[in-house]
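Per TrEMBL, the features are as follows:
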type     : residues : note
TRANSMEM : 175-200  : transmembrane segment
TRANSMEM : 212-234  : transmembrane segment
TRANSMEM : 241-262  : transmembrane segment
TRANSMEM : 282-301  : transmembrane segment
TRANSMEM : 321-342  : transmembrane segment
TRANSMEM : 348-368  : transmembrane segment
TRANSMEM : 446-467  : transmembrane segment
TRANSMEM : 487-509  : transmembrane segment
TRANSMEM : 529-548  : transmembrane segment
TRANSMEM : 568-589  : transmembrane segment
TRANSMEM : 601-628  : transmembrane segment
TRANSMEM : 640-659  : transmembrane segment
Amino acid sequence: MLEGDEKQSRALDFNRLEVLSLLGRGAKGVVFLVRDDDAKLLALKVILKEAIEKKKKGRESEDDEYKRVSFEQGVLSRFDHPLFPSLHGVLATDKVIGYAIDYCPGQNLNSLRKMQSESMFSDEIIRPPYIPAPDDGGDNGNDVNTKMDVENIVQEIFAARQEQAISGKHGGIKAAFIACVVETMENMVFLACSTNFMMYFTKSMNYSTPKAATMVTNFVGTSFLLTIFGGFVADSFLTRFAAFVLFGSIELLGLIMLTLQAHITKLQPQGGKKPSTPQSTVLFTGLYAIAIGVGGVKGSLPAHGGDQIGTRNQRLISGFFNWYFFSVCLGGFLAVTLMVWIEENKGWSSSFIISTAVLASAILIFVAGCPMYRFKRPAGSPLTRIVNVFVSAARNRNRFVTDAEVVTQNHNSTDKSIHHNKFKFLNKAKLNNKISATLVEETRTFLALLPIFGSTIIMNCCVAQMGTFSVQQGMVTNRKLSRSFEIPVASLNAIPLLCMLSSLALYELFGKRIFSNSERSSSFNLKRIGYGLALTSISMAVAAIVEVKRKHEAVHNNIKISVFWLELQFVMLSLSDMLTVGGMLEFFFRESPASMRSMSTALGWCSTAMGFFLSSVLVEVVNGITGWLRDDLNESRLELFYLVLCVLNTLNLFNYIFWAKRY
């Protein structure tokens with residue numbers, strides 16, 4: 001019955017197997033009914049590599065790590081008897097391993113597993129239900145729209161009502177498109193409020209201009225910083241869908257509070273007085289409810305949209321994040337054009353009402369798409385896992401680690417998140433049997449992302465100038481397009497946003513062919529971020545030259561140069577922002593562990609927040625030392641401040657290149 005030597009098993013490919021149904025789920029594995037190229041029905045057993053790694057008990061060789069699977073495959077490969085199932089092939093991807101045997105309709109194959117040296121599954125867990133064979137009149141699963149995705153099931157990606165996610169039915173471009181539409185609406189509301197708040201705080205709540213400016217800056221910065229908290233909640237405790245609904249509702253409640261305050265006289269200070277404690281409480285409660293909501297929405301929505309595409313098709317995932325960032329810019333453009341017009345012509349109270357209605361509509365649209373979404377089960381607190389790895393490594397810091405002790409199941413894996421040669425001190429965490437190789441690799445991967453994140457903060461500090469000093473420059477230029485029309489000051493921010501929209505569309509249509517003709521990769525995104533950082537330095541140098549030109553004409557010739565002189569620095573900063581931020585969103589999503597994608601993607605927004613905060617600090621420090629920056633731009637040395645930013649970002653570029661090469 002057994003041959004003397006094991007037969008050479010052919011390699012299986014997911015793409016050449018038609019998955020018909022789920023036969024059973026075990027403690028660590030899943031069994032599927034599949035059809036191969038020859039129309040033969042097979043039972044495919046698939047086990048997640050991570051599940052095997054968790055069984056590691058400090059054994060001395062890699063072979064022991066795959067003991068059960070290797071034993072099963074070895075036994076089945078030697079069967080050569082018509083009454084026993086034969087091994088028809090084995091498969092291995094970066095996430096799963098498995099093998100296929102003959103399918104026996106309605107039969108219990110538990111007896112084969114009794115040959116194992118250890119009991120991996122209980123009989124109750126693994127006994128499969130009766131599945132009629134296709135020729136028995138059952139569902140043959142030929143409909144491509146109901147084809148099951150093996151890795152979705154093994155990785156616990158599911159659809160609404162806890163159903164298994166099915167390729168062609170759940171997820172895809174339509175589901176991801178909803179995320180882009182919702183982001184456009186939400187970002188329009190967020191930036192419209194940010195613009196509206198300055199007037200609201202000074203005209204209605206009677207705060208001084210410096211106090212109001214500080215409140216707005218703190219609100220925007222806090223909103224972006226809280227994205228890391230929102231991503232943490234989405235990864236740890238809720239699905240990304242549930243996190244969006246929760247935080248979107250919090251944002252909506254905060255906006256409703258401020259809308260009510262804007263329309264109820266008793267909630268506003270009267271007669272030029274400062275707001276009372278109850279009035280301030282309502283204001284700040286609503287304000288920071290919006291900030292918490294914005295942080296949660298922006299921390300969960302990009303990863304949710306990316307989940308709908310998955311990571312298999314690299315061109316699709318790259319395209320999604322480009323169009324997602326396009327949606328961010330489109331929302332901003334609508335905020336500084338349409339919403340500014342409404343504010344100036346209909347009043348800020350009408351702007352609040354419209355913002356509330358738009359945000360409520362965005363939440364409803366997002367929820368309406370629920371039946372077509374794919375969801376990833378939360379994997380618990382990633383921060384707790386990272387801390388546990390560090391604690392274990394610290395406790396074992398004095399122990400000697402041999403190469404044999406650190407060999408893991410994923411040693412030969414092509415998983416993009418493996419960084420074996422980095423942070424080697426973490427290897428000692430594996431000496432604790434409770435710390436799996438997967439946890440260590442998750443920690444390595446997240447740590448490897450942090451230098452890339454840190455290297456983009458200076459760039460965002462430069463981008464912050466588009467909304468501050470560049471707007472001031474625009475105010476003292478000729479903004480007339482005709483005798484009867486002048487560009488509003490509040491709409492000057494529309495110029496860089498319009499540049500970004502154009503750049504993103506052109507990049508998506510033509511740029512990819514210039515930068516790469518192959519599949520998107522981590523090196524491609526690192527280059528993209530690097531190009532953005534380089535353009536930032538050039539744009540700051542150009543801004544300094546334009547300021548010299550503007551000041552010379554204003555001081556010596558009493559002439560206001562055209563606002564379009566600023567267009568070059570706007571275009572270059574917009575291009576750099578598009579390349580860097582868009583590249584960061586995609587890079588952090590693709591390179592991070594699946595269980596940490598929301599939190600990792602939020603690093604891109606945190607970089608924006610820290611860049612804006614750094615800009616405020618840098619302005620205070622530079623002005624305190626040099627006195628370059630004054631209320632009158634003609635008496636200021638703004639060009640020197642731009643040159644300081646140029647030098648700082650150039651040094652930062654070399655720092656980035658160092659870390660990018662090490663990645």
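Every residue, even glycine, has its Cβ placed from backbone N, Cα and C.
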Which one of these stretches, 321-342, 601-628, 640-659, has the most C-beta pairs shorter than 8 Å to the transmembrane segment (348-368)? 321-342
Best-packed against the transmembrane segment (175-200), counting Cβ pairs under 8 Å over 282-301, 487-509, 601-628, 640-659, is stretch 282-301
Have the transmembrane segment (529-548) and the transmembrane segment (487-509) got at least three CB pairs under 8 Å, pairs 6 or more apart in sequence? no
May I ask whether the transmembrane segment (321-342) has at least three C-beta pairs under 8 Å with the transmembrane segment (568-589), counting pairs 6 or more apart in sequence? yes
Pairs 6 or more apart in sequence, C-beta under 8 angstroms, 3 or more of them: is that satisfied by the transmembrane segment (282-301) and the transmembrane segment (601-628)? yes
Chain residues in Cβ proximity to the transmembrane segment (487-509) (below 8 Å; excluding those fewer than six residues from its ends, i.e. six or more beyond): 195, 319, 322-323, 325-326, 329-330, 332-333, 336-337, 340, 343-344, 466-467, 470-471, 474-475, 479-481, 563, 566-567, 570-571, 573-575, 577-578, 582
Segment-segment contact (the transmembrane segment (640-659); the transmembrane segment (321-342)) at 3 or more Cβ pairs under 8 Å: no
